[in-house]
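Quick notes on the structure that follows.
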Ligand code: NB4
Ligand code: NI
């Protein structure tokens, strides 16, 4: 299983590289990594397992974060309806590409963090409120998904890692908590 020891931290050059496209079909090693990335997220969201293996909770992870500079991400976004056991969006996205997005931007009220950043970096991280993402799933099928709000923010954070971009690159250094009137804060109106 993947643990925090496998997660590289800021300063490691791989986090600033543009990751390479994956060729299909995936090798068994790549399939194994895909499974391990998704398993890591599920483990990290299970209080017992997270505590036992000292995992920081995560809703997303990108292959470069485990020092594999390839365009693969995993997301496991639980539904925000406690009754709903099914996750809102969960899976592995290979060669993900945002093919269109809204003009409207949104951000998380609490800002963002990153498993590769061992410090708090306060500030709003503007993201597209709605995106259409095209990717190949673990079975080799091309998928097109429309996402909005939290799942859309998670996928954008992960795709940034594939392009060597860190969440704090989007924070206004002069006024981190600036709220331009066209920037909606998720959790406020929603
Ligand atoms: C990626 C996210 C940071 C902002 C917002 C949040 C968590 C991450 C980083 C957008 C993407 C990891 C990957 C969480 C979390 C809410 C859901 C369900 C029950 C606990 C879990 C906590 F863990 N960020 N961590 N950071 N990244 N929400 N949740 N909860 O996932 O660096 O590149 O289990
Ligand atoms: Ni991250």
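Placed from the backbone N, Cα and C atoms, the Cβ positions cover glycine too.
As recorded in TrEMBL, the features of this protein are as follows:
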type	residues	note
BINDING	114, 157, 161	Fe cation binding site
ACT_SITE	158	active site
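Other residues of the same chain near the Fe cation site, with their Cβ within 8 Å of the Cβ centroid of 114, 157, 161, are 60, 62, 65, 112, 115, 116, 158, 160, 166, 167.
Long-range Cβ neighbours of residue 157 (Fe cation binding site) (same chain, at least 6 residues apart, Cβ-Cβ under 8 Å): 60, 112, 114, 125, 127, 167. Under the three-state DSSP scheme, residue 158 (active site) falls in the helix class. Taking a C-beta cut-off of under 8 Å and a sequence gap of six or more, residue 161 (Fe cation binding site) has these contacts in its own chain: 15, 19, 62, 64, 65, 73, 116. Cβ-based neighbour count (10 Å, all protein chains) for residue 158 (active site) stands at 22.
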